[in-house]
Structure formats: C-alpha cells, structure tokens
Amino acid sequence: SAMRERKTTDPLHSSTDLSEGKEKFRLKQEVGLISGVSLIAGTMIGSGIFMSPEWVLHHMGNPASSLLIWAACGLLAMFGALSYAELGTIIKESGGEYIYILRIFGSFPAFLFAYTSVILVRPAGLAAVCLSFAEYAIAPFYPGCSSPQVAIKCTAAACILILTIINCLNVRLATSVMNIFTAAKLLALLVIVVGGLVLLAKGQTQSFQNGFQGTTAGIGAVGVAFYQGLWSYDGWNNLNYVTEELKKPEVTLPRALMIAIPLVTCLYLLVNVSYLAAMTPSELLTSGAVAVTWGDKVLGSWAWLISLSVALSTFGSSNGTFFSGGRVCYIAAREGHMPDILSMAHVRCLTPSPALLFTSAMSLIMILSGNFTSIVNFFSFMAWLFYGMTISGLLYLKIKKPELPRSYKVPIIIPIIVLMAAVYLVLAPIIDQPQIEILYIVLFIFSGVIFYFPLVHFKYHPRFLQKVTLHLQLLLEVAPTTKDAN
C-alpha cells in the first residue's frame, strides 16, 4: 500500500518488525562516539556564531547582557539535550521528537509534527544554513559591495545538490565529511578566540566598560534575542534522530552530548568576547558579516582565511542538518505517516535516498522564496513548540511510568526548566509583537488534519499512488527496510 498499514498495540512497546521471515534489511550502525560528537558540534557550529551576534546585541542593547543571553542559550541547550538523552535510552528508535511524540502521545500529534517538520521546519533550517554558506562563499568575489541575490541563491542551491549526492552515496562518506569539517571549523573558532585574547591582553576592553548600560527590558525583545542565540545552538538534539545508527546508543548518546555542548558553549562565549574586543558595539551592529569584519580588523591581509573558514563551517553544518533531517522523513514514512516510497533505502548504498531527495527538493523551494532572518524566526517558533511538547512527554513518562528501563536518568527539575523556557519562547514574541506570519504557521500545522484523516486514519489509498510507488522504487533502486529494535 502507498501508506503502510500498522497494527498499533501499546505505543511504547509496539510491534517493530515489519517483514518477519525475510532477511533483515536496514541502515547500518556506523556512528561512534567521535562521529556523534562531530554530528552535534558540527551541526551546532554552523552559520549562527558568524551571523547572529549582531542580532543578539541589537535586541539586548549592550555587550554584557548579550553575553548573558549566549550563556543562557548554552545552558538551555545542555538541559534540553540531557532530557533528550533520557528519552533516547527509553525509546531506542531513530526519529527524534517525531518518534517520542508518536510513542507517548499517539498517532495524530506525531503526524502533525512529521508533516510540519518534513515540509517546513527541516527544509527551512537547511535553506537558512545554505544561504549563509553562499553569502560567505561568494563575498570575496564581490569586494566592496554586496553580492547579488541571484548569485547567492544559485550557490546555496548548488550546496544542497552536492550534499544530496554525498548523503545518498554512503553513510560513512557523510560522517567523514562531518568529522573533517568539524575539525576545520573548530580551528577557525580557535583563531578568533586566540586573536581576541591577544587584543584583551593589549588592553582593548572599552566595549566591556559600563557593559549593562541601555539594556532592553521587554519580554518580546529578550525572546527574539533568545531565538537568534538559540539558532546558533540548534542541532543539540541531532543525535536523537539517528539513534538506530549509533554504536551502543545507551552509552554513546549521553556521552557525546556531555562532550559536545559544553565545548560549543565555551567557544561561543569566547568568540563573542573576541568580536567585542576587536569592534565597538556600534561597529558590530552595522557589520553584516561579523566574522569577516573581525578578520579585516585583526588579520589584515590574511582576512580571506575567515571567509573560507566560515564557508567550510556552514557547509559542514548543512551536511549535519541534512543527514538528520532526511532521517525524520524516512522514519515518519516507515510508521505510515508519509508516502511509503520515503521509507525505503537504496539497495546497495543502504542510505534513505528517497527521503533525502525529498528534503533536498523542499529546501530548494525555500531558498527561492525566503531570506535568512525571517527563516530563522519562524524556524525557531515552530521548533520550540515541538521541543516543549516532547519535553512534556518525558515528564509524563517520569511521573506515570517510572518502571520503564532506562540507562540514564535526568533530574526532574531539568526538563521542567526546559518546558518553562519553551512556553516562554513560543508565547513571548506573540504577546509582545503579534505577527500575522505566526497565524499562518499555526494554520499550516493544523492543515495537516486534511491529510491525516483520509490517508492515515481511514487508510484511503488511491490506486494510482501504488503504481507511482512501484515505478519510483524501480527508478531509484530502493526497497523497504525493517526496524532495528535494539
């Protein structure tokens, strides 16, 4: 059938093998601790730290309070990740929020999440990162003036197509690309940190005198500053999307999180201090590309190194986003919430290529239609809506089902703090500055109802869909996979 039928028993212990009797065909467990840390750190350190500092400063009004926002964002990402680590050791399946919402709250909310995530949230995140990659990659070709939009969009589209090829060919190739680019971007950030420490040692501390003067106090402004800061930390939950591909997930998942997130937080704070040591707050606000301005001021004729590093960094990050984003689409299809073709894997490469091709097509549409700042704000609003829902699911399991086996437990206060933050981040911008776009987003989420009831609930499958699936299967050389229940 075009949408797979499923017998659902207890949602937390549902039947897992879809093809008893056949030889099991599934994705391989190829992600170890180093690749896990690279996937988290490599996806988190993308365009944000090079693009968002000016926006955080703009909304907060001064250097000291903007540094506080960066530290708070890191702490929140760490708390969120620790909560997800417990979820990942209770429900050992790939798919991140989608699979947790499905197993805890049932089919309908999980479908709405998958529908929104696959069509809007993931492609929007990927499009935003690829647009910032393109901006930095072609900046050196247009010295002294802003790059034309057509060139930026074409470069971003080329970036997505290259990533599609890498990820469809081989999981090991995709993780190798991730490891190499993570090392490159850590080096780039270390150059900025060391440069900043040298400037501070020379006494360039004027940005930090009277650091709290002129702080913005509105709840909406703080919420939007958080959005821009948290955009730089986004990716803290990426390992939960590939749980089935982890070696020893119960050990690797919490360990990789505890190495990657504190490392990224410390780097971000030091990089922000370095920016402020090299530039006055007003210079930082008018910069456009903060890291490049920093390079011009500090490195002189070697400034091109920064543009190159940022381009490498954003390319590596978009690879991580793409790697995990394709998995949501794949898992949702495997559970019968998306067309069946998206749940299949390539028979030789063992990669979920139809899901990756679909994600890539949606991202290309986003690139043609949007710009960086608007994509970030809407991405963050929707992401935190679903993070909040997932965390409330963890609280439900902790209170109602404490007997479920779990190899890692997070203190209950941590998910409570994350849930309160999620509620604040969803409501603050609506209360402070209601925007019509947020209404459009909510309407889009609920438009999923139109598809859910006929296609998933009542299992109405038009005949032509089955023919299309068959033809696509032959064309793409893909076959259905079974689930690894660990």
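Each residue, glycine too, has its Cβ placed from N, Cα and C.
Caution: TrEMBL annotation is automatic and unverified by curators.
The model shown is predicted, which means the values in this text are computed figures rather than measured ones.
Per TrEMBL, the listed range annotated as transmembrane segment is 97-118 (candidates: 97-118, 207-228). The transmembrane segment (437-458) makes contact with the transmembrane segment (97-118): 3 or more of their CB pairs lie within 8 A, with pairs spaced 6 or more apart in sequence. Looking at which of 180-201, 256-278, 302-324, 375-397 has the most CB pairs under 8 Å to the transmembrane segment (64-85), the answer is the stretch 256-278. In this chain, the transmembrane segment (409-431) does not touch the transmembrane segment (180-201); fewer than three CB pairs sit within less than 8 A of each other, excluding pairs fewer than 6 residues apart.
Three or more CB pairs closer than 8 A are found between the transmembrane segment (154-174) and the transmembrane segment (345-369), so contact between the two stretches is assigned (pairs 6 or more residues apart).
Long-range contacts of the transmembrane segment (302-324) within its own chain (CB-CB distance under 8 A, at least 6 residues past either end) are made by residues 39, 42-47, 50, 96, 122, 125-126, 129-130, 132-133, 136-137, 139-140, 159-160, 163-164, 166-167, 174-175, 177-178, 180-182, 184-185, 187-188, 191-192, 235, 238, 241-242, 289, 291-292, 294-296, 356, 359-360.
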